[in-house]
Every structure is written in C-alpha cells, then in structure tokens.
Amino acid sequence: MTNMTQASATEKKGASDLLRFKIFGMPLPLYAFALITLLLSHFYNAIPTDLVGGFALMFVMGAIFGEIGKRLPIFNKYIGGAPVMIFLVAAYFVYAGIFTQKEIDAISNVMDKSNFLNLFIAVLITGAILSVNRKLLLKSLLGYIPTILAGIVGASLFGIVIGLCFGIPVDRIMMLYVLPIMGGGNGAGAVPLSEIYHSVTGRSREEYYSTAIAILTIANIFAIIFAALLDMIGKKYTWLSGEGELVRKASFKTEDDEKAGQITHRETAVGMVLSTTCFLLAYVVAKKILPSIGGVSIHYFAWMVLIVAALNASGLCSPEIKAGAKRLSDFFSKQLLWVLMVGVGVCYTDLQEIIDALTFANVVIAAIIVVGAVVGAAIGGWLIGFYPIESSITAGLCMANRGGSGDLEVLSACNRMNLISYAQISSRLGGGIVLVIASIVFSMMV
C-alpha cells in the first residue's frame, strides 16, 4: 500500500512538473493551445499572409525550436544554440516542402514586404549607440576602421597561404575566396562584386556570383561556429573579453555619463521614434543626398550608425531617453530574436546552396580565411585598445559573414547582440572598403 501511495505521489509530482514546464515563458498547456492552433491552420492551409499570420507562425515555431536548441548538448555550446537551431530548421522546412506556400508567403511578407529585419537592426543600432559613453563612442569609432583593415589583412594572408597549399594562384584566391567572404554579405557584397568583376574584366557576372555566394555561405557557417567558440574562450580567459564591451576602458579614459532617472513607457516609445527617424534620415542620405563617395556606395545602415553617434554626441538625448532606447533594444534582442530567426531561415537561407558548396577544398579554404580574419582583427583590436574577443567577433567574424542577417546569427551565437552597431559598420563600411579593394584587384587581372 505504501509503495502504491509513493508511486501515485511520484506520478502526480511528474504531471505537476510537466504542467509547470514553460516554453517561451508560457506554461505547457498554454503553448499547446498556440501550437494546436498553428497545426489546424497548416492542415486547412488557412493562414492570413499578413503581419498577424506571419508573426503567429514565427512566434510559435521559434519558441519550440529555440527551447530545443537552447538545451541540446554540444549544439548549444559549440554551434550557436537556439538562434542557429531555429534558422536551420526553418530553412529545412522550406527545403523539404513542409511549409505550405501560404506559410512561406506570410513569413516573407513580414521579412521582405514589411522589412522586419530593417526595423530590428535599426532598433538595436539606436539602443546600442545611445547607451555608450559619448566620448568613449567617438574614440572607439575612430579606432574601429583600422581594426577592420587588420582583419582584412589577416584574412588575405591566411587565404593566400592555404590557397598556395591547394595549388590555387594568389589572384584567384583573392578574387573568388577572400573578397566574397570579407565583402559584407550577399546584397552589399557578392552582388556588387559580381558587377565590378563584369565591368572591369568583361567576364560573366553570373559565373562569378554563383561561385562567390557558395564560398560566402560556407564562411558564414564557420563564422557562427567560431563566434560560439570565442564566447567560450572569453569565459575561460577573462582578460581577453569585455563580456560584450568592445573598448578596454583603461585604454580610453572617460568620465561617466549622467545616471538616468525613472524610465516610463513613454521613454521607451521615444526610442522607437528615434530608431525609425534616424533610419529614415540615413535612407534619404544613402539614396538621394550622398548615394556614393568616390564611386563607392555607402549603405544606409552605415549612415545610420554615424547619425545616431552624432545624436549621442550632441547631448540632445536625456539619460532617460537613452535608457528608454536601450530598454527597447533589449526587448527586441531578447524577446524577438527567435521570431526573427525563423524569417532568416525561410527568406535568407538556401540549404541547397550550402550542400552544393560543400567540397573539401572550399570548406578548408573558407575556414582558414575566417580564422585569418579573427586573428587579424584580434591583434589589430588589441593594439588599438579593444578587447581581442569582441574585436575579432565584430571586425573579424562580422566582416566574414553574410551581412545583416549574418551579423544577427554571429552575435546571437556568442551572446553579444549589443555589439550590433559595430557589426553593421563591418558589414556596411567594411564591405565598402572591400569593394574598393576589389576594383583594384580585378583591374590587375585584365
């Protein structure tokens, strides 16, 4: 009788624990309601292809696979955890035909038509830059470009050495491997690189692009993996890491900013106003006022970094408004990242491209080039006054990934989303620097 009572108590405790288990903060029965609703929608192929339908699908899917990725041994430490799990599964759902066309359209409308990615990045840039000490921000930005250049030099040297080991000429290594990897992603990197290649050499842009995007895809995977590894190294050797802070404050003496008072929802709303208006101004400058400087196009996110930095330096924003912008940024990065990663997997990840590019030589060369970017940026950053881990992530890995979505994947893998502003400088301004280098390299081949 006693054994039966104990067994009954154990069963009740197990059931109670199961009911209290939470997925994305929701008790299991409540999440089950959301999941069953989504499955009904999938079964009847009835989902609105607007923001409501898209966000419902992205929230529910992101929640379950985020929890799995967060808990899965090895994957959560070495591969990138929840965010990487989410976008890989989402990409597989498209590849395997599990998603219906309506579901793909709903997510695509959120990501492409409504451009949720732009809003996400704009909010993170504003919160990240406004939360930095004004004088420290100026000094760090001035030192960041040389760190990017150090990363490019490191990637080039490592790439040339490994290329020669495979019998590949120096010009081909630079043209087909180093420049696409370090060029700022797809739209701001591989696409304009193929145009420059065609205009300078007269050769096929399509042939160049297909090779460049394959190499870039492999490098992006290594960038994510290395980001997770660098996070682990930073935890073991704490003197190498600023735990999300780029600048070694001992190297840049500054006075502390004034402390913020009470923060209300209104200050948080002002953070949204500043995020959207600064983005709007950056867009106008990039598209109409200064579409190019010296023949090189500057992306609107690069302009936005400079605009928000100028706003911070102007003293127009009170400590409360800065704190409100930071609170909004934290909400987006902590509560909406899993949602965004579903969209990244559906709209920006092609598993077939990854599979096609997986040759032994391509994998080894791409990996070594990314290592070179990390080493170069770490050494350059240390000499400037930055922490090696943070400088290698932002000026190294965020140069070697696939641009805006790659920045989010890399930073989420190493738990450093607050470094998004520096990541965007790498992807945008750094990508522009690579385009200039490409013009010179391609002209030498003619």
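Cβ coordinates come from backbone N, Cα and C, glycine included.
Secondary structure at Met399 (Na(+) binding site), as computed by DSSP, is helix. According to Swiss-Prot, the Na(+) binding site annotation covers Ile181, Gly183, Met399, Asn401, on the basis of similarity to another entry.
Here Swiss-Prot flags Asn186, Gly187, Arg402, Gly404, Ser405, Arg428 as citrate binding site. A 10 Å cutoff on Cβ-Cβ distances gives Ser405 (citrate binding site) a total of 26 other Cβ atoms nearby, all chains included. Look at Ser405 (citrate binding site): DSSP puts it in a helix.
If one looks beyond the transmembrane segment (23-43) by at least 6 residues along the same chain, the residues whose Cβ comes under 8 Å of a Cβ in the stretch are 53, 56-57, 59-64, 66-67, 100, 103, 338. Look at Swiss-Prot and you will find 23-43 (among others) tagged as transmembrane segment, backed by sequence analysis.
Swiss-Prot lists 46-66 (among others) with the feature transmembrane segment.
Sequence annotations record features per position, and here Swiss-Prot assigns transmembrane segment to 79-99 (among others) based on sequence analysis. For the transmembrane segment (79-99), the list of distant contacts is 61-62, 65-70, 72, 107, 224-225, 227-228, 337-338, 341-346, 349-352, 408-409, 412-413: same-chain residues at least six beyond its ends, Cβ to Cβ under 8 Å.
What Swiss-Prot records for 110-130 (among others) is transmembrane segment, and it gives sequence analysis as the kind of evidence. Away from its own ends, the transmembrane segment (110-130) comes close to residues 51, 54-55, 58, 137, 271-272, 274-276, 278-279, 301, 304-305, 308-309, 311-312, 317, 321-322, 325-330, 332-333, 336, 340, 343-344, 346-348, 404-405, 407-408, 417-421, 424 of its chain (Cβ-Cβ under 8 Å, at least six residues beyond either end).
If you look up Swiss-Prot, you'll see 148-168 (among others) marked as transmembrane segment. Tertiary proximity for the transmembrane segment (148-168) is limited to same-chain residues at least six positions away from its ends with a CB under 8 Å from its CB atoms, namely 174, 177-178, 181-182, 361, 364-365, 368-377, 379-381, 383, 392, 395-396, 399-400, 425-426, 429-430, 433-434, 437.
Marked as transmembrane segment by Swiss-Prot on the basis of sequence analysis: 213-233 (among others).
What Swiss-Prot lists as transmembrane segment is 267-287 (among others).
Tertiary proximity for the transmembrane segment (289-309) is limited to same-chain residues at least six positions away from its ends with a CB under 8 Å from its CB atoms, namely 121-122, 125-126, 129-130, 137-138, 141, 184, 188, 192, 274, 278-279, 281-283, 404, 421, 424-425, 427-429, 431-432, 435-436. The transmembrane segment annotation in Swiss-Prot covers 289-309 (among others), and the record cites sequence analysis as its basis.
Residues or ranges marked as transmembrane segment in Swiss-Prot (evidence: sequence analysis): 335-355 (among others).
Positions annotated as transmembrane segment by Swiss-Prot: 364-384 (among others).
Under the heading transmembrane segment, Swiss-Prot lists 425-445 (among others). Sequence-remote contacts of a segment are chain residues at least 6 beyond its ends whose Cβ falls under 8 Å from one of its Cβ atoms, and for the transmembrane segment (425-445) they are 141, 144-145, 148-149, 151-152, 171, 174-175, 179, 182-185, 188-189, 192-193, 196-197, 200-201, 294, 296-299, 301-302, 305, 394-395, 398-399, 401, 403-404, 406-407.
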I'm trying to understand the geometry here, so how far is the Cα atom of Arg428 (citrate binding site) from the Cα atom of Gly183 (Na(+) binding site), in Å to the nearest whole number?
9
Using the alpha carbons only, what distance in Å do you get between Gly183 (Na(+) binding site) and Arg402 (citrate binding site) once rounded?
8
Measuring CB to CB from Gly404 (citrate binding site), give everything in the same chain under 8 Å that is also at least six residues away in sequence.
Leu117, Ile121, Gly185, Phe301, Gln424, Ser427
Give me the Cα-Cα distance between Arg402 (citrate binding site) and Ile181 (Na(+) binding site), rounded to a whole Å.
8
Excluding the flanking five residues on each side, which residues at least 6 beyond the ends of the transmembrane segment (213-233) place their CB within less than 8 Å of a CB in that stretch?
77-81, 84, 176-177, 180-181, 183, 185-186, 189-190, 240-241, 350, 353-354, 356-358, 362-363, 365-367, 369-371, 374, 389, 392-393, 397-398, 400-402, 406, 409-411, 413-416
Among Arg402, Arg428, the one of these binding-site residues whose Cβ has the fewest neighbouring Cβ atoms within 10 Å:
Arg428
I want to check the contact list for Asn401 (Na(+) binding site): same chain, sequence separation of six or more, C-beta distance under 8 angstroms. What comes out?
Gly185, Ala219, Asn220, Ala223, Ile224, Asp407, Glu409, Val410, Ser427
